[in-house]
Amino acid sequence: MKIQSVAVIGAGQMGSGIAALAASQGMSVIVMDQQISQLEKAKRVIEDRWKRNEEKGYITAEERSHWSAQLQYTHQLEQLDRVDLVIEAIIEQRKQKQALFQTLDRFAADHTILASNTSSLSITELAAHTSRATKVIGMHFMNPVHRMPLVEVVQGLETNEEVVQTIVKLARDWGKEPVVVQDAPGFISNRLLMPMLNEAVFALQEGIASAEEIDQIMRLGMNHPMGPLALADLIGLDTCLYIMESLYQGFGDDKYRPCPLLRKYVQAGRLGKKSGRGFYLYSVEE
Ligand code: NAI
């Protein structure tokens, strides 16, 4: 199946990155978010980055204007019957994603593939909230989308092999490196990453070292490009908490219990880079 048009639902950090990537690959893209302010922010972030790339000579003025024209922003679920693929990238909350998949199933054309960018939630369960379980799949991009090569492709229990191959090919066509995994809490990426981030927050809570020192140890000692607390800030502390909760729930094992300090930061509205403050301070439009 050939994918030519895409709808991205959720215009946050990930949705805006995925939409920009799809538009730059010649796709016609509908970007939908329930908050108009998020749509405006996504448009600003995408246009500013392309403008900087043009100034640096990485892309031409024609490319920039062509890509911009491929993007259409809306706060309503409309015109979904015109797209070949929907990529859902809303908040990492099970109930909200389930309700959205039910709605998407109603509005989308029969041939449309419904993909989720979820970090940890069950694709099989999301699929069960639709009448097209064979066409529901995980398409898990990494942050920031324009820089990270991996797309973790998650095959749910009912996902059709042809749908898997369509998404694998699409990810390659978009310049990414897909790796197919089976459905399980956190898949591979977050099952391995999140316990390390959580442990870093526990170490901070216990006063073993400062945030800077914890990050320095992992950068200088383990050759990680960024420390775990800076990475948690980049992902979003709310998103980290939701992922850890779904790992904790999914495996029922205490080793995934979210650190109370992480919960406290989220309760205080310190969500990391996107809100201007997490373990570190940021300028919000960074
Ligand atoms: P974000 O908080 O930046 O954006 C979420 C967006 O979804 C917001 O703009 C919000 O207004 C919108 N939204 C919420 N409910 C909605 C609904 N029912 N309909 C339409 N829009 C709705 O979150 P982020 O970081 O972009 O994460 C989105 C998804 O991507 C999550 O599932 C997350 O686990 C996943 N993800 C996140 C990564 C990260 O590093 N932040 C990496 C890979 C995946």
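Keep in mind that glycine also has a Cβ here, set from the backbone N, Cα and C atoms.
According to TrEMBL, the residue from ASP33, ASP81, ASP110, ASP254 that belongs to the NAD(+) site alongside GLY10, ALA11, GLY12, GLN13, MET14, GLY15, GLU92, LYS97, SER119, ASN143, LYS274 is ASP33. Of all the recorded positions listed (LYS97, HIS140), HIS140 sits in the most crowded Cβ setting, with the most other Cβ atoms within 10 Å. Reported as a whole number, the C-alpha separation between MET14 (NAD(+) binding site) and HIS140 (site 'Important for catalytic activity') equals 10 Å. Of all the binding-site residues listed here (GLY10, GLY12), it is GLY12 whose C-beta has the fewest other C-beta atoms within 10 angstroms.
Max Cα-Cα distance over the annotated NAD(+) binders (GLY10, ALA11, GLY12, GLN13, MET14, GLY15, ASP33, GLU92, LYS97, SER119, ASN143, LYS274) is 21 Å. Among the binding-site residues GLY10, GLY12, MET14, LYS97, the residues whose Cβ sits under 6 Å from any atom of ligand 1 are GLY10, GLY12, MET14.
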